[in-house]
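According to Swiss-Prot, the features are:
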ACT_SITE  128  active site
BINDING   75, 76, 77, 113, 114  substrate binding site
């Protein structure tokens, strides 16, 4: 098993020095699901929510969150992202919204945290916009789907839904 990269020899948290790493194209995809009552989901699909377009707001929130991950999570590097995409799909058969994010850059460190932050904040935004009509909405399965680039190699999650 690999060592924790954010812990130094003295056991203290520190920001990893990436200055000697080679730049490469790095990409990560993450997902989250927001599970709700059928009528809450239908309100989103119909566009009848009094706060406006839930998907558009969640998409923008996710993109903005990816760009600000370094401000939210200690020890993350500020990154010059070249692409952030947040896709939201209503899945009425499962009473949920599937959120998938994609982050890409050419740089010295990965974008997994940015992809996870984008999916998480998009999910939180859906909850925030819908909590007035349903308080027991569930955010679940927030996870990394894949990553590519960098010396640690590629990763692909096992499908579970």
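Our numbering is plain: 1 for the first residue shown, then up by one each step along the chain.
Cβ coordinates come from backbone N, Cα and C, glycine included.
Structure with Swiss-Prot features highlighted.
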residue : record                 : DSSP class
75      : substrate binding site : coil
113     : substrate binding site : helix
128     : active site            : helix
Listed binding-site residues (76, 113), ranked by Cβ neighbours within 10 Å, top entry: 113
Under 8 Å by Cβ from residue 114 (substrate binding site), counting only residues of that chain that are 6 or more apart: 28, 66, 67, 69, 79, 81, 84, 103
Shell of the substrate site beyond 75, 76, 77, 113, 114, same chain only (C-beta within 8 angstroms of their C-beta centre): 69, 70, 73, 79, 109
Length of the line joining the Cα atoms of residue 75 (substrate binding site) and residue 128 (active site), in Å: 27
Residue 75 (substrate binding site): tally of other CB atoms within 10 A of its CB: 12
Distance, residue 128 (active site) to residue 113 (substrate binding site) (CA atoms, angstrom): 22
Those residues of the chain, 6+ apart, with a Cβ under 8 Å from that of residue 77 (substrate binding site): 15, 16, 18, 70, 109
Listed in sequence order, residues with CB under 8 A of residue 128 (active site) and six or more positions away: none
